[in-house]
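Database features, via TrEMBL:
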type	residues	note
TRANSMEM	79-105	transmembrane segment
TRANSMEM	117-134	transmembrane segment
TRANSMEM	146-163	transmembrane segment
REGION	177-199	region 'Disordered'
DOMAIN	233-361	domain 'Palmitoyltransferase DHHC'
TRANSMEM	279-302	transmembrane segment
TRANSMEM	322-346	transmembrane segment
Amino acid sequence: LCCCEYVDRRGERNHLAACCCDCEDLDEGCERWLTCKSLPPGALERIADTVADRVRVPWFSGAVKVNLSLVPPLVLLPVLLHVAALHFLLGLVILTSLPVVVLWYYYLTHRRKERTLFFLSLGLFSLGYMYYVFLQEVVPQGRVGYSQVVALTCGLILMLAALSRAKKDPGYLPIPASDKKSSLGQGLPNKSVRGSSNGLHGITTSGAASGRAVNGEAKGYSRMLAEEPEGVKKDWCTKCQLVRPARAGHCRLCGRCVRRLDHHCVWINSCVGEQNHQAFILALSFFMLTSVYGITLTLHTICRDRTPFVALFYCPGAYSDYSSALSFTCVWYCAIVTAGMGYILLIQLLNISYNVTEREARLALRDNTGRRLLGGLVIDTGQYNRGFLCNWGHFLSLGSSPPQHSAEDIV
């Protein structure tokens, strides 16, 4: 393939110059729109798939497909922030509506069980753009020292390093070879697979019953196939076709079982589990420290002789020139994001202190088996709580011992 050629989703060789050709669904949609007729079912989805497949950039070994979810943050964020800096009322409207739009898109993708790079792109580009505005608009005013810029840069680098580690394997359970073959249609010996209305399959063995699904998670997967030393059940995952150890869970977005699954984080586009939970907490902590430090430096520059908290709500000279207005708008954007990440970090720290995961808290609420503590911020299941120090010691030792494969060997 040359740099402008690619193999499309139908397996045919295509060229970037023909990106607007041979799209029958789009032609039909335009004709129906001109004649005021409704589109046939699934037409918009087929058009969207075709457009997503043809959005590519030239590359050495062939045109590379561009993920469309990466584009909106790169385009909209600078535009919206610059528009918000034009007037106080514009800033109020944009900074109020932006979190609402992001939350709406989150619930939309979460309901459809879709993985998207939008949130990861938004987070990384926000960091880069805020750092760029800080260097271009705040540092030249002469109130930020060299050592402070170095400290802020080091915090940003450490946060990105922790984020890179959090993006790695969260602790996926290996799928046995026999189950991989069964997923290809070869079947498991001495087992019969029964389909169910919710898309899960029950595996029947001698004396084992099929499972059922609640809220996307298989519950009652089968009889107790194995036990932990503490007497905790190991469950049979009907999707991955394996016995998963205690506290492991199946992520419906990743399609894999994860050891000590906490939750699927859209901001890193990955699960948070046994192997990356520490790095996830570290990345959140570095982000909070770096963000608060950057906000403080910026407010000291554009709102002099005021404390950062007072300057955040009352800074009369913020809109005296466009540079200060843009910096003040970015400060408020950072403050909103920092408040959201701070809430996530607070919940995580409380859960660690009670040795409970987000998944376990959600299941305890559903089954009404947990206690609400601290005004409902944390759900104590009581199953793994061994005290504050022991709980933190257990968290700090996550991933230190090699994973046990006895559960998979049972299959």
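Backbone N, Cα and C atoms are what each Cβ position is placed from, and that goes for glycine too.
Note that the structure is a prediction, hence the values are computed from the model and not measured.
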Seminar exercise, completed: Long-range Cβ contacts under 8 Å made by the transmembrane segment (117-134), restricted to residues 6 or more beyond its ends, are 67, 69-70, 72-74, 77-78, 81, 102, 105-106, 109, 152-153, 156, 159-160, 266-269, 294, 297-298, 326-327, 330, 333-334, 337
Seminar exercise, completed: In the same chain, residues at least 6 away from the ends of the transmembrane segment (79-105) whose Cβ sits under 8 Å of its Cβ atoms read 118-119, 122, 129, 319, 322, 325-326, 328-330, 332-333, 336, 340
Seminar exercise, completed: Under 8 Å Cβ-Cβ from the transmembrane segment (146-163), and at least six residues away from its ends along the same chain, one finds 127, 131, 134-135, 139, 268, 279-280, 282-283, 286-287, 289-290, 293-294, 297
For this session: By DSSP assignment, list the helix, strand and coil residue numbers for the domain 'Palmitoyltransferase DHHC' (233-361), in that order.
Result: 72 helix, 20 strand, 37 coil
